[in-house]
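Visitor: Have a look at the structure that comes next, please.
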Amino acid sequence: MLILTKTAGVFFKPSKRKVYEFLRSFNFHPGTLFLHKIVLGIETSCDDTAAAVVDETGNVLGEAIHSQTEVHLKTGGIVPPAAQQLHRENIQRIVQEALSASGVSPSDLSAIATTIKPGLALSLGVGLSFSLQLVGQLKKPFIPIHHMEAHALTIRLTNKVEFPFLVLLISGGHCLLALVQGVSDFLLLGKSLDIAPGDMLDKVARRLSLIKHPECSTMSGGKAIEHLAKQGNRFHFDIKPPLHHAKNCDFSFTGLQHVTDKIIMKKEKEEGIEKGQILSSAADIAATVQHTMACHLVKRTHRAILFCKQRDLLPQNNAVLVASGGVASNFYIRRALEILTNATQCTLLCPPPRLCTDNGIMIAWNGIERLRAGLGILHDIEGIRYEPKCPLGVDISKEVGEASIKVPQLKMEI
């Protein structure tokens with residue numbers, strides 16, 4: 001979603017009485033003895049209030065989520081104070097639903113894991129404040145979670161994936177390529193120099209007024225573009241992928257957005273319609289934008305694979321590429337990445353679409369991973385703060401660019 005403002009402020013702090021009443025609402029019968037680790041994960045980094053209970057074997061014992069998509073579609077993007085208020089209104093209910101569904105008493109939890117970075121400050125604050133109150137009442141360890149690390153490691157919940165592996169994280173707020181060498185060991189190969197791909201898709205969908213399209217009125221921008229693109233001609237407009245001559249693994253999407261805006265303005269004049277009306281060529285525009293984005297993602301990822309293999313950071317055969325984040329739920333982009341992995345003797349793995357978007361399961365699982373590895377488990381919660389901006393791992397993107405790797409052309413027959 002498009003972020004309309006960057007409001008900062010003091011985060012919501014639930015009263016101790018409310019948390020105490022919340023805990024008293026659980027009346028579990030004794031008898032079940034949990035012999036393994038169980039983590040409650042809480043996610044409020046953007047516009048989804050989510051919670052889940054996961055055990056160390058990867059079983060999802062309970063989950064709940066409240067999506068704000070419908071509200072933000074009406075405002076044309078996420079308004080942080082509005083998102084904060086919706087998190088406040090729903091977080092207690094969502095956590096309670098996840099715990100109730102799991103059948104796990106709060107006292108039987110091994111730890112509580114919560115997203116504290118990166119994300120919208122006001123949204124992060126709600127989740128952190130609620131979690132710290134809960135941790136204080138239950139006297140449980142607290143595990144701070146990096147949102148993008150959680151996306152990267154989700155695949156280890158659904159598939160047996162060993163380190164190292166390459167991950168492409170693509171969402172509404174992020175776009176990066178990283179080598180995952182361990183639970184908390186990441187090498188950043190490239191990132192977006194401007195906006196994220198999901199943000200760009202939302203802006204294009206908004207400019208095309210797809211919320212007025214009868215088939216797309218309840219869809220997020222990215223989903224609307226993917227849906228409409230199936231009906232369009234991806235070659236109707238000639239748009240070159242961004243950073244075509246830059247031999248690194250960085251991404252850029254503002255140029256693609258601006259070119260698309262010009263095409264839309266031109267077509268509006270040709271069709272004699274005003275801004276805000278649906279173009280007859282909307283499906284062709286959606287298909288072209290989606291295809292161009294896919295080609296851009298593939299080329300940068302191709303270079304990352306070649307770089308990692310040249311430096312023996314990945315095995316020469318059967319290396320794993322993981323695509324995660326909300327945009328990775330786009331099946332056209334997945335098929336494009338499959339063409340790449342087939343050409344480079346790699347294996348493409350993607351979490352199920354529902355685990356690509358923000359969710360509590362990935363946060364709880366990241367907590368399990370850290371609990372097993374003994375990393376970042378806090379018993380003293382004094383001074384913990386959320387971090388709206390936070391890099392991922394060690395940045396070696398300059399080294400990647402200096403390698404100046406030429407990428408062979410691939411036939412994108414999708």
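Backbone N, Cα and C atoms are what each Cβ position is placed from, and that goes for glycine too.
Worth saying up front: this structure is predicted, and the values here are computed from it rather than measured.
From Swiss-Prot, here are the annotated features:
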TRANSIT   1-29  transit peptide
MOD_RES   LYS74  N6-acetyllysine
MOD_RES   LYS140  N6-acetyllysine
BINDING   HIS147, HIS151, ASP358  divalent metal cation binding site
BINDING   LEU169, ILE170, SER171, GLY172, GLY173, ASP202, GLY222, GLU226, SER329, ASN330, THR357  substrate binding site
MOD_RES   LYS203  N6-acetyllysine
MOD_RES   LYS230  N6-acetyllysine
MOD_RES   LYS240  N6-acetyllysine
MOD_RES   LYS299  N6-acetyllysine
Visitor: Near the divalent metal cation site, what residues other than HIS147, HIS151, ASP358 in the same chain have a C-beta no further than 8 Å from the centroid of the listed C-beta atoms?
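Guide: For the divalent metal cation site the neighbour list reads GLU43, SER45, THR115, MET148, ALA150, SER171, GLY325, ASN359, MET362, ILE363.
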Visitor: Max Cα distance spanning LEU169, ILE170, SER171, GLY172, GLY173, ASP202, GLY222, GLU226, SER329, ASN330, THR357 (substrate binders), Å?
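Guide: Max Cα-Cα spread across the substrate binders: 18 Å.
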Visitor: Restricting the comparison to the recorded positions HIS151, GLY173, LYS240, SER329, THR357, which residue's C-alpha is spatially nearest the C-alpha of LYS299 (N6-acetyllysine)?
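Guide: Nearest listed residue in space: LYS240.
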Visitor: Looking at the recorded positions LYS140, HIS151, GLY222, which has the shortest Cα distance to LYS240 (N6-acetyllysine)?
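Guide: Nearest by Cα distance to LYS240 (N6-acetyllysine): GLY222.
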Visitor: Which entry in the list of recorded positions, LYS140, HIS147, HIS151, LYS203, LYS230, has its Cβ near the fewest other Cβ atoms, using 10 Å as the limit?
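Guide: Looking at the recorded positions LYS140, HIS147, HIS151, LYS203, LYS230, the Cβ with the fewest others within 10 Å is that of LYS230.
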Visitor: If you count other C-beta atoms within 10 angstroms, which of the modified residues LYS240, LYS299 is the most crowded?
Guide: LYS299
Visitor: Using a 10 Å radius around its CB, how many other CB atoms surround THR357 (substrate binding site)?
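Guide: By my count, 25.
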Visitor: If you count the other Cβ atoms within 10 Å of each Cβ, which of the binding-site residues GLY173, GLY222 comes out on top?
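Guide: Per the Cβ count within 10 Å, the most buried is GLY222.
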Visitor: LEU169 (substrate binding site) to LYS230 (N6-acetyllysine): how many Å between their Cα atoms?
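Guide: The Cα atom of LEU169 (substrate binding site) is 24 Å away from the Cα atom of LYS230 (N6-acetyllysine).
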Visitor: With LYS140 (N6-acetyllysine) as the reference Cα, tell me which of the binding-site residues HIS151, GLY173, SER329 is the closest one.
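Guide: In terms of Cα distance, LYS140 (N6-acetyllysine) lies closest to HIS151.
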Visitor: Just jot down the residues in the same chain as LYS74 (N6-acetyllysine), at least 6 apart in sequence, with C-beta under 8 A of its C-beta; none if empty.
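Guide: Non-local contacts for LYS74 (N6-acetyllysine): none found.
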